[in-house]
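What follows is a short report on a single structure.
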Amino acid sequence: MISISKRTSIARINLSEFHTISKIDRYPWLNKEKDACGVGFIAHLDNKFGHKLMMNALEALATMEHRGACSADEESGDGAGILFSIPWKFFVEWSLRYKQFKINISQAAVAMLFLPCLSSDIQVSKNIVEEIFQDEDFIVIGWREVPYVKEVLGPLALRNMPQIYQIVVQSKRYQGRSLDFHLYRVRRKIEKEITVRAYSWAKDFYFCSCSNHTIVYKGMVKSTSLGQFYQDLYNPDFEISFAVFHRRFSTNTMPRWPLAQPMRILGHNGEINTLLGNLKWMEARESSLNHPTLNEVASIGPVVNVSNSDSANLDSVVELFLHVGHSCPEALMFLIPEAYENNPKLKYHQNLISFYEYCAGFQEAWDGPALIVFSDGHTVGASLDRNGLRPARYCVTEDNVLILASEGGVLNLDPSLIRLKGRLGPGEMIVLDLQEKLLMSNLEIKNKIASLRPYSDWIKQNRQVLIPTSFLTSTTLPLQEVFKRQTCFGYTSEDIELVIENMAIQGKEPTFCMGDDTPLAVLSGKSHVLYDYFKQRFAQVTNPPIDSLRESLVMSISSYLGSKTNSFEESSEKILKIKTPILSENDLVLIKNSELLTETLVTTFEAHFDSPQANGQSLFSTINQLCKQAKNLIQAGTKIIILSDKVCFESRTESYIPPLLVVGSLHQYLIKQGVRQKVSLIVETGQCWSTHHFACLLGYGASAVCPYLALETVRHWWMSERTQNLMSKGKMPNLTLIEVQNNYCKSVERGLLKILSKMGISLLTSYIGAQIFEILGLGKEVVDLAFEGTVSRIGGLSFADLAMETIDLCSAGFSKLNKKKLDNHGFVQYRPGGEYHLNNPEMSKALHKAVRENNYTLYEAYKQLLANRPPTNIRDLLEFNFRSCSVPLEKVENIFEITKRFCTGGMSLGALSREAHETLSIAMNRIGGKSNSGEGGEDSLRFTVLTDVDETGNSPSFPHLKGLKNGDSLSSAIKQIASGRFGVTPEYLVNAKQLEIKISQGAKPGEGGQLPGKKVSPYIATLRACKPGVTLISPPPHHDIYSIEDLAQLIFDLHQVNPECKVSVKLVSEIGVGTIAVGVAKAGAEIIQISGHDGGTGASPLSSIKHAGVPWELGLHEVHCLLVENNLREKVILRVDGGLRTGQDVVMAALLGADEYGFGTIAMIAGGCIMARVCHTNSCPVGVATQKEELRMRYPGVPENVVNYFIFLAEEIRVILSKLGFETLSQIIGRKDLINHNFDKKLCKTHCIDTSIFFNIKTNEYNFLEIPGGHSKKLKTSLLDYELLNSSDILYAIDNHKTLEKHIKISNSDRSVGAKLAGRLAKQYKNEGFRGSLILNFYGTAGQSFGSFNIKGVTLRLIGEANDYVGKSMSGGEIVIVPPSEVAFDASEQVILGNTCLYGATGGFLFAYGAAGERFAVRNSNAFSVLEGVGDHACEYMTGGRVVVLGKAGRNIAAGMTGGIAYFLDEYSNLPEKVNLDIVRIQRVVTNEARKQLIQLIEKHVLKTGSKKAVLILQQWEIFIHYFWQIVPPSESETSETNYFVENKVLAN
């Protein structure tokens, strides 16, 4: 039990104008709506009923209004609701007064319903409900129309409002758990009956709740209006003992009342990343549900519904678990398990580990960020996901009330009445048993549940673990046969040399640079493997990616083989756990010889060279036969089916079936047959060598893969004379044959983890069958058979086409038997005669010549080269619909009206040299465009306009540049805020015209980045506030953006520090990006940028460059359409980038909806880049992408070259506008009617590409407007900060460098306090110039981002508590947080500030008398801090500064930490096991200088906070010093603070 001490410019287009975005989309929820929110609950520990608790719940809900959002009318809330104990006092009196019926509470229930609006429909629905209740032996006591005040609704919510009724019933037979189940069964029967009858209003019928215990009031209202709308909630007779509340932020603005939360049991803040897989596995599982209470499954199923939200489906599955005898906490442990493997907190809780192990064998996790609050009336509680990606703070009061919410301070409580404060950590749970009146902590409730059944015994009896055996020690095939098979399966020499060999040597995926400038597989003239038609999806905004390297403790690639038929009872089925899905040939032999019956299906089909249709029919028929064979094997008891193409290809008349097609087809077929859960699929294939290939096979249903030909290739390569010579000469590591095979497999495993993690998925078992891809280039018949549920928007290959491409690949192996080397098709690197590359040498030379000679005729030659290229992008299949009404060229807007729409891509100074970076900035400023700083900060010297340029174009301020002019500006108009926050200071932010939040990058979405130490020169280190030579890691996610409401908070932060700038958000094109963009617009961004998959990069895994993201044409079209549909298009500017090179590209982008246009690679080429493609090596031969001084001196570019390119581009655009008959770009934005399919473009592979989604429009009604300005009524300022900055005494102190102290009240709705003040000071004095002192004392609970961007001269002292993001990007000053003096609890043990504090801080001090949440000091650059406890991942990615922790710490300390020093007090002797030692080392405090620094920081902590614990430490210093650990990254290992010998050497000198 928890210990509680008593005292201690666009075209407006109608919604109907667009066809469905996805032609193949049975799963609309997955792509068209996502949500986030603020949640919480309040409960009386003694289960006492009262109306005060209801009023408290409404107050708490109202204080989280900023976590929700509204529709485009800015008045209709996305949803708010409250689930609470049924106020039986009210309903008993109502029944007696109006129905003359005395309710028996133990047998009665109340259902809350949304009904259709028409009175006739209402009556029909009521009749059905009554009829079924009566058929099931219920007495219908009566209907009650719920009173409401519709005037509080916004226009859209009112338009879609249902009729709201309650029905009160009483069972004649049932009570208790039996009543619960029968209410569930009756509700499902009613829902199904209405669906079966297919009434036009069926979608408007909805049960909010139907229970003996709980009732739900919800709607499309703001949280501040819920009680005003539902007058019942203010009724004093509405006495309750608990309430769950929820405020929704949806990425869709069309009101849908049923999607408001809480659901019937859960209030969910998060996103299920594996939803499609979870739904399909649940569909497969339903046919084999086995439990005594489920003898009427047919009346209950289907349990899940693809048209429902992730929250609604999760709620339905939890509900099912409840009705087969499990509790809410148990169901959530089953479905959303914590990270139990290698968890030091659980090492003494073996039975709990056994529970998780047992469940993992039968139930995949519903994986993703989630804070879930829940109640079924028996318990109320909350559970957090395994990564802790949502905040959850709680407190207990003296009058025995428990409050938990997404924020602290949701109720204004007297501090003296609070007995306990805490938070949920990753994977943790808190539960109040209402019947037992028992509050249970995380381990209490979980150990109690784990002890209910003998899970350890069940595991011992029924589970085996496959112990991986050694690899083969010799080859199994002659070299010529290997060569033949490699050719048949589609290997090229690049696959061997760049991928397989690299992985075998290094044990990691190969890294490459720039983007993918080759044709899409479906457009290519070369044969491709089927995997190339699949693009990986990734997380952006609505959920974060994970760092699979530094946070591996939450990830697992283990999975299970065998039958998984029953999730509800003890099962005698044997299962086999495998620790990796990558199997060697020996592993496969062990599996075949295991207790699990295993059979093999050979996956080949008969080839007919003379008839594509016959080939297609042969392929289709063979797959159908395999499916039927598999079903027969399952019915005969087979538990594992191996799909194998390991056969000898003796003739051309036989071809393998692409393994992805086989596994996908079987997976889908077996689900539909209801037997999928009875068998595991293993793929034994020669066509699998890249991490992307493995991900596809697993994502479509395979449990494991044996890549026999890839392993054989590794063996032959190792045994080759060339490899042996290289090893003997020391030119490559001296590795054994076993080691290279192991390296290859480990690199695949690491690559898989990265693919999972960039979608925010932690567990391979959740990824298997989850289909987290988008298809580019497969037709409906192929998708429906093998990949149902995966979106394929442009159609593509039929079975005949696919069969022919496969046969072409396979037959090539027979025609090239005498060759000594595989073909090199140039899929990665350009080569003459190979695959076409847009960035080819001929193009680069043509552009260089044109811009250097300033010759438009030469530019036209460059343009013609690109116009005559083979089809490469989707836009190549489109053409302009020229009309006869052209306009004279002189009437078209001038060049500089067009160039002001141009931007360069976000390329960092660090990835680029100073010369290249500054040249681009000057050029863009000259033409009125906007350059983008990229990540990494910017030299403040660049913020001043040049005035010292001589007649030769040189400036002493920038002696390394040429071709300068007086009046030039080197300041990037767009300054980027990326996940590393390098160089983000107040001064940097206030010198921007736009601030760009980079969520994703086209070439590596969801992956973050890394600047190698060799590129961190002294100059780069100065800008990024770190030491030279230190590797700098940018995390995959922004650690202050785990959800859409988090993004809204960051946008709000930026608007505070720089109120004059617009905020842009950079996204990468993928299915569903339109949904995300709607959320981004609602979050307050004025600009949304959509990047294509072919964008450039300084360094990225090769598989990401080739296989992640989709073309910008699809993303831009989707975003524009959905913004129009949601009435938000006028509020944002749309920008697009990714492979734009010509005016034709720009005009096509405009027609698809873009207002502005970004250029990266082509701008660099104009500036001198020769596409050497060695950016990742720091060896660029022309000084563009290097920090080596001698190479930078070779940089050939001058600003005029870049200016010339953009002038030529604008002139080309003017000519096209003239031909189209328009005078401005604004007039054609979104004009899909000006696009046609280009029938002149002939494709090699198929005639089935469908581009109609881009130009099929049902009406031509347009209303032309100028470029939107991003204006909104949405509040963009902190009222408290506004009042502070408009206070005359503060303004006087700022202007005159005076000292001033003020005292101010604060609440959780006061967000970003201090940011506006910091921005004002930075604008006036830069980061360091203010010489006065502002001391602001706040009292209460601070909202998010307290002290963000704090600056020198400002002290923020908070007496109370703070929420997340304290001190974000602070550059100076002090932040002090202490509890009120009247608190009764031990302050050092309590949570006083939230998650992700000191994120990206570059200076200043933070002192906190209490503990922080997760990720304290993440990416801290140079701030100093002392506090008394931290959660998981403290000091992650830290590059400088000092952190002192005087209390308990979570796991994974110092992951990715490359600089700075941290000190941890280890009172429990368990800290070493919590430190991530991949980079840092841990030692005691060994030097006098370190002791001195540590004691000085603790003394200052005492001075600032009065900490009793710190006082005790100082009093007993000689004892406590021996309990401190010092964490030391390599960059600090040779300093006098960390190295005794260095210290003595310094002293000696």
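In case you wondered, yes, glycine gets a Cβ from its N, Cα and C as well.
Features as listed in Swiss-Prot:
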- Cys37: active site, for GATase activity (ACT_SITE)
- 37-435: domain 'Glutamine amidotransferase type-2' (DOMAIN)
- 1116-1173: FMN binding site (BINDING)
- Cys1169, Cys1175, Cys1180: [3Fe-4S] cluster binding site (BINDING)
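Shown here: features listed in Swiss-Prot, placed on the structure.
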residue	record	Cβ within 10 Å
Leu1116	FMN binding site	31
Val1124	FMN binding site	21
Leu1140	FMN binding site	26
Met1148	FMN binding site	26
Glu1156	FMN binding site	24
Met1164	FMN binding site	26
Cys1169	[3Fe-4S] cluster binding site	29
Ala1172	FMN binding site	15
Cys1175	[3Fe-4S] cluster binding site	25
Cys1180	[3Fe-4S] cluster binding site	27
Protein Cβ atoms within 10 Å of Cys37 (active site, for GATase activity), excluding its own: 30
Alpha-carbon distance [Val1132 (FMN binding site); Cys1175 ([3Fe-4S] cluster binding site)] in Å: 34
PLDDT averaged over every residue in the domain 'Glutamine amidotransferase type-2' (37-435): 93
Residue pair Cys1180 ([3Fe-4S] cluster binding site), Ala1172 (FMN binding site) - Cα distance, angstrom, rounded: 7
Separation of alpha carbons, the residue listed as 'active site, for GATase activity' and Ala1172 (FMN binding site) (Å): 47
Val1132 (FMN binding site), number of other Cβ atoms within 10 Å: 27
Cys1169 ([3Fe-4S] cluster binding site) and Leu1116 (FMN binding site), distance between Cα atoms, whole Å: 28
Integer Å distance between the CA atoms belonging to the residue listed as 'active site, for GATase activity' and Val1124 (FMN binding site): 24
Inter-residue Cα distance where the pair is Cys37 (active site, for GATase activity) and Leu1140 (FMN binding site), in Å: 37
Alpha-carbon distance [Cys37 (active site, for GATase activity); Glu1156 (FMN binding site)] in Å: 32
Rounded to the nearest Å - Cα separation of Val1132 (FMN binding site) and Cys37 (active site, for GATase activity): 23
